[in-house]
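For reference, the structure is listed below as structure tokens.
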Amino acid sequence: MPSREAQLFVLAIAGLSGPAYFLFQIQDQKTFRSILFSALVSIAGFAATKWLLPVVARKTLARGICGKDLNKKGTPAGETPIPESAGLAPAAVFLLCIICFELIHYYDINSLVSWVSSGFRGQLQLELLPDSWLVDYNAALASIGFMVFLGFADDVLDIPWRVKLVLPLFAALPLLVAYSGGTGVAVPKPLQAAIGLPSFLELGLLYKAYMVLLTIFCTNSINILAGVNGLEAGQTFIVACAMLLHNLMQLAGHAGSVPEVRDAHLFSVYLSLPLAATTLGLLVFNWYPSAVFVGDTFTYFAGMTIAVAGILGHFSETLLLFLIPQVFNFLYSVPQLFGLVFCPRHRLPVFDPATGLLRPKDAPDWNLVNLTLQLFGPCSENALCVRILVMQGACCALGFGLRWALAGIYK
């Protein structure tokens, strides 16, 4: 296998090259500059995450918030305590980035550019943002911040998994109460023809119930597709890049000229950019061999951010296409998750110290990690993570392909 630095470089280039291309295809200069400022803040967020993570790791290790790598059991690496809850660092930096975005967008972008280019002389012109935009922005901040708190509480208190299933419900309440967008959906053309539905259907409270279910699914789906160095952060980075690419493609196309649609995709960009940047900073330490464990702090934070970006960006159907591995893993895991068959505490494969390879258990655990080993045979932990992340990337590419193939046919 290539070195860990080479693997991370390939992952970063593969994830960010598409968004970078479409960023420079955006014609509206105000939109372009707005995203460029957000990108600069996100780059600073990447650097801040790399700086903060060792600090958080030392603190959590000193407080005994640590664990041992079960996939290296029987080797010296398997006996070394590894700091947990490292997701606290990217989550904190992410929230700071979002607050910086909000401050920046209080000002007229052209005025801000002129002010910086003049050496910070003169006076900035304020741009009054719509109240509904600010309410959604702050509600998203509250929901994500609440989820970070609940995730860290879970890492410290070890909350039972059945309780974990409903925790996102409480974190989603600020978003649910403050949501000011539409609550209707465009009905697929085949359904219109088959059962005579109108082209647009107003769902009202049913749509808000769907929002809650989506947040619950996203937060828990990242959490249960886990257990391999780099897997939680890796899948989050790929999905964040896919969301970013989708938003920028829309902004570079006809959607960029429709104010309501443009603002929704811009809002999603402001969430996807720092999520990708801070997660990449986390991967520097969490990639195999991992120096830190991300903990439920990260998986809950990442899942909630993905859900909020999809809901407020108004592309929840496309988001589910990006999350095909998570959807499959959840459905495949249902018998164990709901007690129909025995569910161990750690649904991990078996590590063989003699060969250094992972293999599935004789009585298989019902998740995608073990299924991958059953289908493709034993492999190293690093190779297993890469295989699943390649599958994640392929599913995101499939999502884009389906959108293109069904354009004008499905909706």
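Placement of Cβ uses the backbone N, Cα and C atoms for every residue, glycine included.
Note that the structure is predicted; figures quoted are calculated from it, not measured.
Taken straight from TrEMBL:
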{"type": "TRANSMEM", "residues": "32-53", "note": "transmembrane segment"}
{"type": "TRANSMEM", "residues": "88-107", "note": "transmembrane segment"}
{"type": "TRANSMEM", "residues": "134-153", "note": "transmembrane segment"}
{"type": "TRANSMEM", "residues": "165-187", "note": "transmembrane segment"}
{"type": "TRANSMEM", "residues": "207-226", "note": "transmembrane segment"}
{"type": "TRANSMEM", "residues": "264-285", "note": "transmembrane segment"}
{"type": "TRANSMEM", "residues": "297-315", "note": "transmembrane segment"}
{"type": "TRANSMEM", "residues": "321-343", "note": "transmembrane segment"}
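Counting Cβ pairs under 8 Å that are 6 or more residues apart, the transmembrane segment (165-187) and the transmembrane segment (32-53) reach fewer than 3 and are not in contact. Just going by CB pairs under 8 A, the stretch in 134-153, 207-226, 264-285, 321-343 that sits most against the transmembrane segment (88-107) is 264-285. With Cβ pairs under 8 Å as the measure, the transmembrane segment (297-315) is packed most heavily against 207-226, out of 32-53, 134-153, 207-226, 321-343. The transmembrane segment (32-53) makes contact with the transmembrane segment (264-285): 3 or more of their CB pairs lie within 8 A, with pairs spaced 6 or more apart in sequence.
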